[in-house]
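Read through the structure below, which is laid out as structure tokens, and then see the notes.
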Amino acid sequence: MPIFRFTALAMTLGLLSAPYNAMAATSNPAFDPKNLMQSEIYHFAQNNPLADFSSDKNSILTLSDKRSIMGNQSLLWKWKGGSSFTLHKKLIVPTDKEASKAWGRSSTPVFSFWLYNEKPIDGYLTIDFGEKLISTSEAQAGFKVKLDFTGWRAVGVSLNNDLENREMTLNATNTSSDGTQDSIGRSLGAKVDSIRFKAPSNVSQGEIYIDRIMFSVDDARYQWSDYQVKTRLSEPEIQFHNVKPQLPVTPENLAAIDLIRQRLINEFVGGEKETNLALEENISKLKSDFDALNIHTLANGGTQGRHLITDKQIIIYQPENLNSQDKQLFDNYVILGNYTTLMFNISRAYVLEKDPTQKAQLKQMYLLMTKHLLDQGFVKGSALVTTHHWGYSSRWWYISTLLMSDALKEANLQTQVYDSLLWYSREFKSSFDMKVSADSSDLDYFNTLSRQHLALLLLEPDDQKRINLVNTFSHYITGALTQVPPGGKDGLRPDGTAWRHEGNYPGYSFPAFKNASQLIYLLRDTPFSVGESGWNNLKKAMVSAWIYSNPEVGLPLAGRHPFNSPSLKSVAQGYYWLAMSAKSSPDKTLASIYLAISDKTQNESTAIFGETITPASLPQGFYAFNGGAFGIHRWQDKMVTLKAYNTNVWSSEIYNKDNRYGRYQSHGVAQIVSNGSQLSQGYQQEGWDWNRMQGATTIHLPLKDLDSPKPHTLMQRGERGFSGTSSLEGQYGMMAFDLIYPANLERFDPNFTAKKSVLAADNHLIFIGSNINSSDKNKNVETTLFQHAITPTLNTLWINGQKIENMPYQTTLQQGDWLIDSNGNGYLITQAEKVNVSRQHQVSAENKNRQPTEGNFSSAWIDHSTRPKDASYEYMVFLDATPEKMGEMAQKFRENNGLYQVLRKDKDVHIILDKLSNVTGYAFYQPASIEDKWIKKVNKPAIVMTHRQKDTLIVSAVTPDLNMTRQKAATPVTINVTINGKWQSADKNSEVKYQVSGDNTELTFTSYFGIPQEIKLSPLP
């Protein structure tokens, strides 16, 4: 390794007293395989910051405290055309496969840095990588950066996928995610020890500030092209669609636009408090928060202040692995979401402020924050490496811009801000284009930027263009809410579910409902009103949410945030907005739900809605939602969430720092909650045994084995499309769950299987399971009856008439025994060899950070032992249990089981006759011919239900298989059900076809998106 010359640099800086030792600079390589996840950073605030740099005679490197990104100094490079400086750093460029293995997600090694121009330069900065580079030697690979900009810009490229070939003969193809292809970067291998920065040759001289040069592992999806640098990844810019015919410029249309604008301003200044806004109204606090940013204007242009970064731009640093000095400087960054929230709070205060002096100060604060934001590189054409999940960071910038539009115009900043916001909105191009497509129903768009989109359009100064844009926006919102997106795309579904991340996801849909409702409300009663089809579809989704919430959604529907279930109370205002936007307002259904979840009375309704409306009663009966492979059974104030999963619906969402132990979230779960807080009912994370989800059949694993085998995302799907629920008469329901584990997933027993069925009717549910198998000889298989925290108000169990409050407590139950949990739910054991009941102290772990937790819990579970072979179980749950009632039910069971009868229970078919309701539920896990009073044959896997009432037979059927792929839309499935006897339809409105064939009747059900169909039959005379 040669000794690099630093003579010219040392003379310039007076910093170096000895020749540079090249070995010192390269002894700790970047991307060291022993510590691949620790980013290597040059930030010029460190000791001897230029030790690894050299320059030719036409370049001068100095340190400047004028502006910086990381720390208080940057590198100022004064150059003459074609001159260069070199960073001497050994790289061991990993393949994407090696990087991905180290991080546990699709990754790539990235080279990134920041640069600042005080004036645009008509030329390119050339970055070269090679071995023993000097100013005149040929490099092996590199890339170019266009310099025609002012302010800060960030450059970030994949060393495997974004470099251009120089003089080497290489197989210069992109590296696949598994690293099987060579790339320029990989062909360099461990040969790189020099990175050369070469000034444009076509410009006589200039100067550039450079800071925060970094080598790090980053997500392979997020090195985006922009106006400065070309990478393999591009985010196309927005092209506004214009609907035809366009509305003319008339006083009426302009007045409507102004009305919408004022409504929007009024909502954000004085309307409903935003759930995701840290509202601050204290002027002194706003000023102190502003002062903490340390923003000041520089004499010759630009600003200096704390560096701004989005919460997702943090990732490229791998902050958990930074050394202590780098971490300290990194921690001084300001998160853009907090910054733009302050901008909004200042803009809101500005609108409300009456004192001229105070108002002027707020205005100057806002304008300086805007200038700093732009100077930091948040401008049109600047990708800043990536700005994914932009809406969460920037949503309040858009709204503040509308509130401060006059001040921005006066300062000649509005056009630049408008262009910047439009540029960064391109992540939601499928929405901002306003042309309905498969990707146009993005719930995250509604959640974060839909109202901001409208605010941006209202800034358009040209009257005709502004009318066109708002009119197109209205048509787009109508279409986005109306369409059924194909495959797993975001949007509303025919059964009332609302999809995000390829599944029903209240954590995303609830705020999206609220914001979509507000948009419809803002546009109401104008030529720009949202169409009725969009309104109707949103109403269906929001009424469905009312059904599957109590008011929180159950743990099985909480996504990656268990014990933080979204509540309808957080989106109550959305029901008001949508009710008041009805064609004939208010819509009575939505208005009554609003009153109920807002705890408003009938007496208050007149002042709210202008007429007397009774608050909605809690839903009752059974509702199938196969868009989420779940069913909801409501009885009085209790809600039972029955949850399965299949090839179309994932079991749980597990992230790197979320829901690490959530594997069993959908394993035939049957969570019971009363109306109110789930925490108050014992659903507490501290001490929670993650193996024991209520109703689930699981292998009881130590936490280290239960922890997801994937370091990052796991959204496990089933091996079959069949698993889900059905309903009958809106009152009765059934779940069928076919549990089959994958064959090749670490820490998942490939031989773990179970068939689980539940029949729900009124105040009781019947649970049966069969074909329970496991090959794990060390871990017990269990079916959990319940698990609740013990608290002062949840401190009692009843077992066979005995009140239990002891702690600790252990006992074993068997067939015929009963117990009542601390929430008043009764459990009658009707077929099980061993049921364990426990009141004990439990030690567990937090789902996000794996830190220990502990708590006291009551639990009961059926113990299937280790390696069960075709094990089975049966039990009943009563939702209105008392010791007296459970004693009566146990007596009925002992008397020849007067409660229910299992007519069949094997790997192909489960049949349950509920004697209390006279409803029969059939889970056809396979097509089958059966011996039964009513059903003779079913030609496809299906859930069939029957109810005999006097002279009529009501039959429903469905397949929970949505018959779709992740890309292709769901299509209907025809189910043929042959029933015994000759019948005719007693329901003219039924869509079920029927035909008598010999002594039987053939029923043809069309199952679309798992929505059950039913028919009422009467005997042929």
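Just so you know, glycine gets a Cβ as well, placed from its N, Cα and C.
What Swiss-Prot records for this protein:
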- 1-24: signal peptide (SIGNAL)
- HIS43, MET70, GLN73, ASP211: Na(+) binding site (BINDING)
- HIS501: active site, proton acceptor (ACT_SITE)
- TYR508: active site, proton donor (ACT_SITE)
- ARG560: site 'Transition state stabilizer' (SITE)
- GLU653: site 'Important for catalytic activity' (SITE)
Integer Cα-Cα distance in angstrom, the residue listed as 'active site, proton donor' to HIS43 (Na(+) binding site): 38
Sparsest Cβ surroundings (other CB atoms within 10 Å) among the recorded positions HIS43, HIS501, ARG560: HIS501
ASP211 (Na(+) binding site) versus ARG560 (site 'Transition state stabilizer') - Cα distance in angstrom: 37
Rounded to the nearest Å - Cα separation of the residue listed as 'active site, proton acceptor' and GLU653 (site 'Important for catalytic activity'): 9
Three-state secondary structure, ARG560 (site 'Transition state stabilizer') (per DSSP): coil
Residue among the recorded positions ASP211, TYR508, GLU653 whose Cβ has the most other Cβ atoms within 10 Å: ASP211
Neighbour count (Cβ, 10 Å) for GLN73 (Na(+) binding site): 19
Any further residue of that chain within 8 Å (Cβ to the Cβ centroid of HIS43, MET70, GLN73, ASP211) of the recorded Na(+) site: TYR42, PHE44, ALA45, SER68, ILE69, GLY71, ASN72, SER74, LEU75, ARG212, LEU329
GLU653 (site 'Important for catalytic activity') and ASP211 (Na(+) binding site), distance between Cα atoms, whole Å: 38
Cβ contacts of MET70 (Na(+) binding site) (under 8 Å, same chain, 6 or more positions away): ILE41, HIS43, PHE44, ALA45, ASP211, ARG212, HIS307, ASP326, LEU329, PHE330
Spatial separation of GLU653 (site 'Important for catalytic activity') from GLN73 (Na(+) binding site) - C-alpha basis, Å: 43
